[in-house]
RNA sequence: GGCGCGGUAGCUCAGCUGGUUAGAGCGCAGGAUUCAUAAUCCUGAGGUCGGCGGUUCGGGUCCGCCUCGCGCUACCA
């Protein structure tokens, strides 16, 4: 499909059971956002849907453990995730939720249709464990017992983590429900299975060759290798009927008589959420949802993480085809995983940063949205796992956004104001072919976006700014200005540079949408609207002005205040706080490795110590000593001079006024010729880092510590 | 265990169906420049392309084995 009439874009529905971290953003949302914004700028008919995935056993389990209702959980995370996406400029056309009535109806219709076709489902009766106290069947994971292979007493119903055996709950010796802690009973239950195996032949051809019913549906060369590889691996292993119902009281009821207490399996209803979301969007926008799902000229594209490949490339397509009349995805550009400072994101360890936490902690950081989007873009896990590092975040921001892109735009605006009073100079038609290089870069950039290669596309954006910088440097109008201020070379140079700047203002929008309007403002242009890029590209190639002669530009403004800034360290401090948090986690992991405890002492030994609160009233570096500070400490009844070995950790001026605890009856001792009358209590960790042990602010001086 | 994807300069990564001296950015070294956010531009150093074996006139690029990383392996979602 070279030129589809319309695009239907989906991003994986986030599970409404927790916060989303940067890995999620880099996997399925940022790439889709770039793609969709690009299509909109070209004036394409595109709708991008997403929403919260709100069913499944994990939510009910969590609700039971926390003693709240599932609805409280899903409401909380639906609102949080939806709002956070919006703040980051993730521009879904609709963010729906699977708890919506419309979605329940859509899913039930889907199920019924397949049921009525008669040959898509089969019903199987099996025995499963049932927890009578909690009145429900138990998922394998929620049953523990003794492993029949190795005797490990804490094996799960699906696997023994001690010997690695795959188990079924029935095999466990002495099974126990992790909900009630009691022995569950075996009960018969009945479930509906989707006969996925009967779809194997056409799926294989479709995945391997891109052909559907003998016609070319898509070009498999455009699909990522790891996507096709994993699908074929699955197909080679043989497909099996797949259970699509569960015994659960949370979810979408199976719409059949005799199916009380059964719900659709969350994996069945979640992708149908894409359809529901489209329906709701169409409803609110007075348009028809069906053309997006049923018209063959629609290009359906699923953005997901690699954990979702099989579902979106095999199971969901099979369901859609079984239903009949639905389009199948043109591409599923699944990303791999993003790591965080060398390790996987881990909620339990606190490793990584969540999207909303980022926004909170970077509240005072200018461009925090685009800075993050750009850092993730530069490190998208498009073909392999990648790693997010704060140092790289800083480098990408300062060296690429600020130094290359921001600085180029700034130079151009400044030069225009300086030499031409802010007006675009007039030039002879067709004088410069310097624009040709910009056209080539533009073509490369758009081709990369269309090939779902967003990282490379982003590099071309910066290269375009570099191209502009090189061009400025080659012509060096400031040199010509000194001897020949009226030279047409200056006019041409500024004119061409302004064209490149205008081009950048348009091309950058999909990547850094918060910055684009600010660039436009400096050029005295309105923010972009849907379709504007088409006209920009047409003019560019026709040799017409993107920014015509005599147009008056705006005032220069620093787009990206650098993080490494001599005069203002506030941005660097925000980054450093993040790095310190990670160090603390690593330090905590080193955990139990603490100094062994000293031999026991008696209370009498302890009371010999005279500990007093005090305040540092003066501090100065001890000459010829690297580590020593000479402190004056106010104990109310007297002033003490204390020499303390903390100069490598604290500067003299920053600890004046600090409240401390002093060992007041320690025998005086001369250090570097100064009599030290006491010792300040400090805590020290394995890295040798020191911190004061202090009373709370405002506590008076000279009081005892016991 | 089986399968899939990946292992390319100090770091992060490009290299389609095999073909001349293996690329980019950052970092590093040297130079140019001052319009600009101590920014920019140019040049250079640096790699036995995870290891071994094979097919070929020729292999990061194909085949086999080994090794390391990540993922999937169908009822956790």
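A Cβ is built for glycine as well, from the same backbone N, Cα and C atoms used for every other residue.
Copied over from TrEMBL:
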BINDING   A:147, A:150, A:160, A:163  Zn(2+) binding site
BINDING   A:347  ATP binding site
DOMAIN    A:605-706  domain 'TRNA-binding'
MOTIF     A:14-24  motif ''HIGH' region'
MOTIF     A:344-348  motif ''KMSKS' region'
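Nonlocal intrachain contacts for the motif ''HIGH' region' (A:14-24), taken as residues 6+ away from its ends with a CB within less than 8 angstroms of a stretch CB, comprise 50, 52-54, 56, 58-59, 62, 73-74, 77-78, 80-81, 84, 97, 305, 337-340, 345, 347, 352-358, 372, 376, 388. Mean pLDDT for the motif ''HIGH' region' (A:14-24) in the predicted structure: 89. Per-class residue totals from DSSP over the motif ''HIGH' region' (A:14-24), listed helix then strand then coil: 3 helix, 2 strand, 6 coil. According to DSSP, residue A:347 (ATP binding site) is assigned to coil rather than to any helix or strand. Counting only residues at least six positions away in the same chain, the Cβ atoms of A:18, A:21 sit under 8 Å from the Cβ of residue A:347 (ATP binding site).
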